[in-house]
Amino acid sequence: MFKRVFVTGTDTEVGKTVVSRALLQSIQALGETAVGYKPIAVDSEETPQGLRNKDALTLQASSSLALNYDEVNPITLKEEIANAHTGGVPDYGHISSGLRHLEQKAAHIVVEGTGGWRVLMHDLRPFSEWVVQEQLPVILVVGIKLGCISHAILTAQAIANDGLPLLGWVANRINPGLAHYAETIDALRQKIPAPLLGEIPYLFRPEQRDLAQYLDITPLMQK
Ligand SMILES: Nc1ncnc2c1ncn2[C@@H]1O[C@H](COP(=O)(O)OP(=O)(O)OP(=O)(O)O)[C@@H](O)[C@H]1O
Ligand SMILES: C[C@H](N)[C@H](N)CCCCCC(=O)O
Ligand SMILES: [Mg+2]
């Protein structure tokens, strides 16, 4: 199975963090160490220990090794990263050395992206350039809502155009009231050139739940 995987989404707020937790738990259920990594976090809050981002805290809590916060999240920004010319451009060398560090500690690393596949850094370069530089395989989270089919197809195409393998995708039910859910999943199955790893239902406080039950990572075992 993969040593490292990058979790992207059809948009921001579609469940990348929730699915990253589910992936970590699924790998840990196999008896292997798995840790989360959030290279760049935005919308962080000041705490007595310093800036803290809720995604990174969830990944830290979902990891099978005790990690310091800055091992999970090396770059913690306060503002939206797409705002050009503020906050400086993240140092990719620093992010990569953080990943090297975790590779020494854990058998598997689940790397959570920020926003969607083409999220831009302050210099208006897409963060996908770093994912390509690292040659990370990708798992796509599709937040099931109106319009998600187009976003999913476009994202899968962009990942393929960037030359990276799409290992699988996860349907995340962020809108319990959406009509035609089954038809949407069926269309996505036909149009995304990668296996469906599972469907996460609409849950109360999913970041605190056992989510491994919703995924079947068998398709990832051969890769
Ligand atoms: N299956 C679900 N059921 C209920 N709520 C969910 C589910 N998945 C995600 N959510 C909620 O939706 C919000 C966004 O989820 P999450 O933070 O995982 O998205 P994200 O893609 O990681 O966002 P970001 O781009 O900020 O990293 C959170 O408040 C989360 O609790
Ligand atoms: C705050 C939000 N939930 C994410 N953490 C940051 C998403 C940045 C998206 C920028 C963009 O592509 O428009
Ligand atoms: Mg997140």
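The first residue you see is number 1, and the count goes up from there.
Quick reminder: no glycine exception, Cβ is built from N, Cα and C everywhere.
The Mg(2+) site recorded in TrEMBL includes Thr17, Asp55, and the single candidate from Glu103, Glu112, Glu129 that the record places there is Glu112. In this structure, the CA atom of Gly113 (ATP binding site) is 7 Å away from the CA atom of Lys38 (active site). A simple Cβ count within 10 Å picks out one of the recorded positions Lys38, Arg173 as the most packed, and that one is Lys38. The Cβ centroid of Thr17, Asp55, Glu112 marks the Mg(2+) site; residues of that chain outside this set whose Cβ lies within 8 Å of it are Val7, Lys16, Ser20, Gly36, Lys38, Ala41, Ala56, Thr58, Leu59, given in sequence order. In the shown protein chains, 11 other C-beta atoms lie within 10 A of the C-beta of Glu13 (ATP binding site).
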